[in-house]
Amino acid sequence: MNTIKKAKSAINVFTRNWANFVIKFKWPVLLATLILALGLGSQGNMEFDGDYHVFFSKSNPELEAFDALQEKYTKDDNVVIVLSPSNGNIFTKENLTAIEALTAESWNTPYSSRVDAVTNFQHTSAVGDDLYVDDLSYESSLKTEAEILEIKEKALKEPLLVNRLINQAGSVAAVNITVRLPGEDINEIPGEVTPFIRNMISDFKEKHPNFQVHTSGLIPMNTAFFESSMNDMGLTMIMLFIVIITTFILTRNIWSTLATLVVVMFSIMSAMGFVGLMDIKMTPPSAVFPTMILTLAVADSIHILVTMLQKMRKDGLNKVDALKESMRLNFMPVFITSLTTVIGFLTMNFGDVPPFWDLGNITAFGMVMAFLYSTTVLPALMAIFPVKSKVKKEAVKEPKNWYTSLGNYVVKQPVRLTIISFLVIGGLTYLATKNTFNDEFINYFDETVQFRTDTDYIRDNLTGIYNIEYSIGSGESGGINNPEYLKHLNAFEDWLNDQPEVIHVNAFSEVARRVNRSMHGDDESFYRIPDNRDEAAQYLLLYELSLPFGLDLNNQINVDKSETRVTVTVDNIKSADMIAFSKKGEDWLRNNTPKPMHAMGVSPTLMFSKLGFRQADSMFKGNIIALILISLVLMLALKNFKLGLLSIIPNVTPVLVGFGIWTLYKAQINTGMVIVFGMTLGIIVDDTVHFMSKFLRARRELGYDAKQAVVYAFETVGKALVTTTIVLLAGFAVLSTSSFALNSYMARITVIIILAALIIDFILLPSLLILTSRKEEAVEKVKVGQIAFDK
Amino acid sequence: MKKIILILTVLITLGIQAQTPEEHGLQIAKAAEQADLGFNSSTVNLKMTLKNKNGQTSERSLTTKTLELTEDGDKSLIVFNSPKDVKGTSTLTFTHKVGSDDQWLYLPSIKRVKRISSNNKSGPFVGSEFAYEDLSSQEVEKYTYKFIEEKGSLLVVEQDPVDPKSGYTRRLVTYNKDKGYRFEKVEFYDRKNALLKTLVYSNYKLYKNKFWRASTFIMKNHQSNKETILNFSDYNFDANLSEEDFTQVALKRS
């Protein structure tokens, strides 16, 4: 006890000296913090990275497998431009000419390596002993009606086109531009490819107003990521506005509002400097950091200012004394809550999704700086500003407030409230387990984002957006021409086509069949795998010699001709179904083909599908560590082991409640929500700290019994807890309006958790405090308590 | 007198400079053609090594026969020796100074000669980084020219393909005027005028005291980071081939 007291007085001396120093040297302190903030801010450099690769860590096995596949063949980022003519028929001279022109213009797309469309499809035909491989519709403007009809017939029979570049009815067609980005400059997509595509499409629409145009693909997705980062950063302004209003309402003082604004602005400037110095690229999840910092930093300032103004208004202290007293009272709580928040955000580093590492680190740095500015520039400014306040006597209003009533209500029935709470929490915890992961990346964007609506249109009218790829080996150089290999590949292609979720299959076996048919005078009975290897190899050689620039088979066959790539387009299915489907394909290969043909399914779709599971696995350890660390901080802060342990209940249960309610709301969770445990733990623990510390103070210093101490805690910190909860709710409510689901879902569940935390801290925590204290005081203190209450 | 010489010198210099870059470029191309004139026919063995970004390689081996023609483009016959499953497959090409080339392929597996649709000449040659148009006979008429610069003995000329189906907007060819106007380097620009590939010639040898032939061609694709290396060996300028060696009948025999 002695050492604790010593420590406590040491802290008291330290905080008093700190306050005195800051107030005495207010001008130098202001100048120093200004230089620090401006200095860091000047290093700020906001660059946005929309590449979907940012969501995957370097060691992510799905990413490694996918990159390996892309290096074996070609790296394919794409833009799909989908054209729907108003007459509902692609096959008219005007429409084909328009598509042909758009295809030709698409070759000028920066970094484009390939353009596929109905018109330039390399159609194979036999004329006598000649093999003709040519554009399906070349110089369409010169075609006759009969020729166009013939083109239509060929196109709608072509398995490589139907459900990929044209729909079955022939009313919607696509131009697919493959782009090979060097990946050297972050501006390649937003600065070069996207503007080019947008210009090209607007020119096209002007010339051909009868076409509806929709775009999707990996490049537009990257653009959507990029633009949603910028939009979410724009939420900062709304939050800033809310901060100003909230601070003004709570403090009813223009100078405090101004000082708070300086603190949060300095914190954000410093965090931006951190971003620049660490060379962090903004991504949708990390771009919300200014709003996060605003939300969390403002609480520090409000605590200090509210106490100071209270001391001036109620206790009639002069400005400097009130400021010093407020600093003394709030320094430790603000320090501890900042510390737990920082710990909570740093746990994001345990995850497997780099943008959340950035979010965690930037916000943690911002919180450290917010603590620093709240305890330096804030008091310095308040000392400088001519803050005046009338002393108000509100003695009449004081004792019977809402919080006291709530406290009295709780202490009357702790057992009942505990049981009810545990029943509700238990039920919701059960529900929480019913959530399933779904990281369908199209659904990351809500319907306000054009990428989402365009993609949905394409899904409904032409083809799927999700795919899985298998690189299927033959085990020997040149082995893809082995009829055994081709027959197995063909069987795999057929099996895939029979699966209900499959929309389109692109496999080399189709090329082998098609060329074989053309080599036999277009005889349909030869639409099968060639009989022997030499034939297959020589047909392929002939076919390859006949292909034009950019339309070769290098995207499908590796250099050694030992492996080919199978691309399966599937319907929009949930992450879990996607993983199951990919597995089903892998199993089929294992059961039906020789060993070299066994392959793993890979694709960006699959990478996203597995991301949530991977993140949850890796965050598990981080969350446990956060819980232990934060509980330790609490034990030290409260100087009580038992209460530190007890605090785990009100700190953990809000998350369970949150996910339980989420099951009733959406029942689908995404990668963004995995981080909320650690993050909200760091935030909601503040409520527990404040409540428990006031409870303990009442017991230790004022000698109250448990029930009285609970009522005292309600009276003293009830309002502060509600206030900070409102600020936090406002901040996360602003974030929940994001059009990007990783952010909006995370923010929405955080809103639920923070609200649940407050309710639990007001109902369950006090009940538990009373129940656990009962044993000790059962005998002797009952009377005392009774007396005190009767008074 | 001195004055007159000076004026003459100025006039001559001006006269040379009055030549447009286009004329200068064409002049260089013609000089290169001239320098290589008269080899009649040649045979050479060729090993083609394809490399992808990871350094995985794949090899093909071929034999090429060329017959020099002056009134029209050269004729050539390429025979595949490996991989095994295409051994004996051969192509016969008649290049034309104007218009598309003619090309036939002999497939030993079905013992038939197939004519290849002649529109597409810009695709990769057997999966390599060489397009057919990079390997075919370099006829002067297939390009328009523009002289770019002179660096010592090296002359850089821009060449724009005449064929609208070419995969390139232009190529930049570096000639070595002191070594019989041989090619040192070619840079290929794709349809959107971005640098696509660079071809570097090395290990030149002088045959018959007149004909420079590089033993190594290295073609690097800057966009895909793939690479193809050609190694030529056993050049033979004494084969005395004739038109009969470049017919569809000869194609089946080879």
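Glycine is treated like the rest: Cβ placed from N, Cα and C.
Quick caveat, the model's predicted, so the values are computed rather than measured.
Noted in TrEMBL for the protein shown:
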type     : residues  : note
DOMAIN   : A:258-384 : domain 'SSD'
TRANSMEM : A:233-251 : transmembrane segment
TRANSMEM : A:258-277 : transmembrane segment
TRANSMEM : A:289-309 : transmembrane segment
TRANSMEM : A:329-350 : transmembrane segment
TRANSMEM : A:362-385 : transmembrane segment
TRANSMEM : A:415-433 : transmembrane segment
TRANSMEM : A:619-638 : transmembrane segment
TRANSMEM : A:645-665 : transmembrane segment
TRANSMEM : A:671-689 : transmembrane segment
TRANSMEM : A:710-733 : transmembrane segment
TRANSMEM : A:745-771 : transmembrane segment
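Helix, strand and coil counts from DSSP across the domain 'SSD' (A:258-384) read 109 helix, 1 strand, 17 coil.
Same-chain neighbours of the transmembrane segment (A:671-689): 55, 285, 296, 299, 333, 336-337, 340-345, 347-348, 350-351, 353, 356, 359-360, 439, 611-612, 615-616, 619, 622-623, 626-627, 630, 634, 637-638, 647, 650-652, 654-655, 658, 662, 721, 724-725, 728, 741-743, 745-746, 749-750, 753-754, 757-758, 761, 765, counting only residues six or more beyond its ends whose CB sits under 8 Å from a CB of the stretch. On the 0 to 100 pLDDT scale, the model's mean across the domain 'SSD' (A:258-384) is 90.
Between the transmembrane segment (A:710-733) and the transmembrane segment (A:233-251) there are 3 or more Cβ pairs closer than 8 Å, counting only residues 6 or more apart in sequence, so the two stretches are in contact. Long-range contacts of the transmembrane segment (A:645-665) within the same chain, counting only residues at least 6 positions beyond its ends with a Cβ under 8 Å from a Cβ of the stretch, are 424-425, 427-432, 434-435, 627, 630-631, 634-635, 638, 673, 676-677, 680-681, 684-685, 687-688, 692, 748-750, 752-754, 756-757, 760-761, 764-765, 768-769, 772. Taking Cβ pairs closer than 8 Å, the transmembrane segment (A:619-638) reaches residues 332, 336, 339-340, 343-344, 347-351, 644-645, 647-648, 651-652, 674-675, 677-678, 681-682, 685, 688-689, 692-693, 696 in its own chain, all 6 or more past its ends.
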